[in-house]
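Enquirer: Submitted below is the structure of interest, expressed as structure tokens.
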Amino acid sequence: PGCFGYPLSIFFIVINEFCERFSYYGMRAVLVLYFKYFLRWDDNFSTAIYHTFVALCYLTPILGALIADSWLGKFKTIVSLSIVYTIGQAVMAVSSINDLTDHNRDGTPDSIATHIALSMTGLILIALGTGGIKPCVSAFGGDQFEDHQEKQRSRFFSLFYLAINAGSLISTVITPILRAQQCGIHSKQQCYPLAFGVPAALMAVSLIVFVIGSGMYKKVQPQGNIMVQVCKCIGFAIKNRFRHRSKEYPKREHWLDWASEKYSKRLITQTKMVLKVLFLYIPLPMFWALFDQQGSRWTLQATTMDGNFGAIQIQPDQMQTVNPILIVIMVPVVDAVIYPLIKKCKINFTPLRKITVGMFLAGLAFIAAALVQLQIDKTLPVFPAAGQSQIKIINLGANNATVTFSPQNVDVTVEPLHGTDYRMFETSQLQYVVVASGSNNATLNATSTGGDRYTLTVKNTTSGIAAQWLFDNVTSKPEEGKNLIRFINNLPWTVNVTIGDADFGELTPLSATNYGVFSGGRTDKIVVSTNGTNCAATSNSLGFGGAYTIIINECSGNIATLNYSQDIPPNTVHMAWQIPQYFILTCGEVVFSVTGLEFSYSQAPSNMKSVLQAGWLLTVAVGNIIVLIVAGASKLSQQWAEYVLFAALLFAVCIIFSVMAYFYTYIDPNEIEAQLDEEEKQVKKDPYLQEKEEKEAEAVSQM
């Protein structure tokens, strides 16, 4: 049965691929934030585990190809590994349910080890599943076409690539939105179970769709795995060469020719072509090392940025969608516009040159990321070290107040209803402070133990100066772009304060609440109530990642008068500044990734495609391992420096690759195959040659 000249079975395969990629990329988009905020791992460990997982996902395809070609066949492999995959996704969703071990209901899991064990099990199953079916699905799709349907087959592969990017695009938009929802039985939390559960459901859909099409597929019997033969051929050549290492044996043209006693000339020639391409693959992992940091380092960079795009709020893990959006636009543009333009300029833009340019662009993208990081670093507040204290003053009175820090005699004057920025002091040098306002003054002992922040509130009243220390127990920027808010009651009576749904409870005169955590970028209604009268105000829009003290100054005629004092500045670098680095990296990916596979296929015989596919995926795996090694070995405390280091490494590799490419000669595998066919015909025709070959073979078997 056909449709538009395509086998109908194709549509099941494309839908299956769309669901599978949705499932994989959706889970991967929120993964690094799940590690950081749910499992409470630090940035470096989260990044390390993330890249270990991605590396595993690209190592398992070799296993999948072996199982499919030598044992189960593609169809059964896809079905059985999809089941493993679906279970893995489900385990992942369960592992992120906070209420699973939160017996005391305080909003944090009591046994984090249970969650870690479950999620690692889930990730291993997912890596087995996604990797195992990766080489099978596209090849299985290719199997559905007859030999004369060349055009439809190549169209199918572009449709297939589109399905991959559509799946990854839609899921990278949707899963972060699901993650940002609040859910939970006893305590409201970020909704990771939903963010992992939806991909799990889609994986199940993908499996069902694939099985429904079962009757229509052309199922090719497993042919034995060419990879095994290539490896055996190489192994035998090395062994044989080693056996005949003494001078008396004549040299052979190529070391692989030492396998000619056991393997056909055809296999040896094909293996030579494959090795020639694989040799060129050696520098490529460095590109992937940079490319795959979009999901780890770049996402963590986005958490320290401002995601306010006017009408919409962008989650940090949604910035990754810039990549698939650009891919969908760029692939056709590059093919239809840019390559023809380059051709018009009489430049021979060979595949290897394209790959070199792709690597260069990825390096530039990391330079851009480093520049953005430097801007972010400028906005980060300085927190006190172990022997230091930071103090800010808020004047709640109606007169100017002067505070003198002794014994250094530093004077600070604060206007009425204003606050100062934090000042840094050596804790050992701070003994007491003298507050003077109006005609009154007062002396307070310094209480700091070092490494802390304090706020000193002062107010000149009729009965003298009311001054007190507030301990600000915040010495890091709020996570995930959230805001911290606390209130000081500057009214002469006790009030009750609520902001949005959060109730801060009773506040006696001149006392302060603790900080409450609120999601960034919104404005909330603040209600101050006393003795049955309410007055309200709408909070200022406080941006992302800041901490504020709000002073309640007046409550009359249902209107509350509030003053804001900024304790930690919000994220001010806009997330849109990440777009240039994504754009440059995507341009690099378009010329690198698409060209790389095309080039490999054009330089090797048709039956060796699976070996090259495995080699290509291996470069991705090795790239992710490089991230682990570089990030682990370089003890760079500055993130921007690490970006520059990666860029420098890629530029170095880029130069090495261009030298290798310069010495590479392009071949036409079809011509070589035709030559081999000719030679085999010659041997069959000539009885003398045939006899000579048989005698030689006999002599070898007696050796």
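Cβ coordinates are placed from backbone N, Cα and C, and glycine is handled just like the others.
Pulled these from TrEMBL:
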- 681-703: compositional bias 'Basic and acidic residues' (COMPBIAS)
- 678-703: region 'Disordered' (REGION)
- 48-66: transmembrane segment (TRANSMEM)
- 78-97: transmembrane segment (TRANSMEM)
- 112-133: transmembrane segment (TRANSMEM)
- 154-174: transmembrane segment (TRANSMEM)
- 194-217: transmembrane segment (TRANSMEM)
- 273-291: transmembrane segment (TRANSMEM)
- 325-342: transmembrane segment (TRANSMEM)
- 354-374: transmembrane segment (TRANSMEM)
- 611-631: transmembrane segment (TRANSMEM)
- 643-664: transmembrane segment (TRANSMEM)
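Give me the structural setting of these features: burial, nearby parts and distances.
Expert: Within its own chain, the transmembrane segment (78-97) is flanked in space by residues 20, 23, 27, 34, 38, 64, 72, 115, 118-119, 121-130, 132-133, 136-137, 140, 192-193, 195-197, 199-200, 203-204, 206-207, 210-211, which lie at least six positions past its ends and keep a Cβ under 8 Å from the stretch.
Below 8 angstroms of C-beta separation, residues 20, 24, 27, 34, 38-40, 53, 56-61, 63-64, 67, 77-78, 81-82, 84-92, 94-96, 100-101 of the same chain, each at least six residues beyond the ends of the transmembrane segment (112-133), sit close to that stretch.
Tertiary neighbourhood of the transmembrane segment (194-217): same-chain residues 1, 7-9, 12-13, 15-16, 18-20, 22-24, 26-27, 30, 34, 75, 78-79, 82-83, 85-86, 89-90, 92-93, 95-96, 140, 144, 171, 174-176, 178-179, 181, 183, selected by CB-CB distance under 8 Å and a gap of 6+ residues from either end.
Among residues of the same chain six or more beyond the transmembrane segment (325-342), those with a C-beta under 8 A of the stretch's C-beta atoms are 161-162, 165-166, 169, 349, 582-583, 586-587, 589-591, 594.
Long-range contacts of the transmembrane segment (643-664) within the same chain, counting only residues at least 6 positions beyond its ends with a Cβ under 8 Å from a Cβ of the stretch, are 276, 279-280, 283-284, 286-287, 289-290, 293, 297, 350, 352-353, 355-356, 359-360, 362-364, 366-367, 369-370, 373, 630, 634, 636.
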Enquirer: Against the transmembrane segment (48-66), which of these stretches has the most C-beta pairs under 8 Å: 154-174, 273-291, 354-374, 611-631?
Expert: 611-631
Enquirer: Which residues, given as numbers and ranges, are at least 6 beyond the ends of the transmembrane segment (154-174) yet have a Cβ under 8 Å from it?
Expert: 6, 10, 14-15, 17-26, 29, 138, 141-142, 145, 198-199, 202, 317-318, 320-321, 324-325, 327-328, 331
Enquirer: Sort out the residues at least 6 away from either end of the transmembrane segment (273-291), same chain, that have Cβ-Cβ distances under 8 Å to it, and list them.
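Expert: Residues 230, 234, 256, 352, 355, 358-359, 362-363, 365-366, 585, 588-589, 592, 596, 599-600, 603-605, 608, 611-612, 615-616, 618-627, 630, 646-647, 649-650, 653-654, 656-657, 660-661, 664, 667, 669, 672 contact the transmembrane segment (273-291) from elsewhere in the chain.
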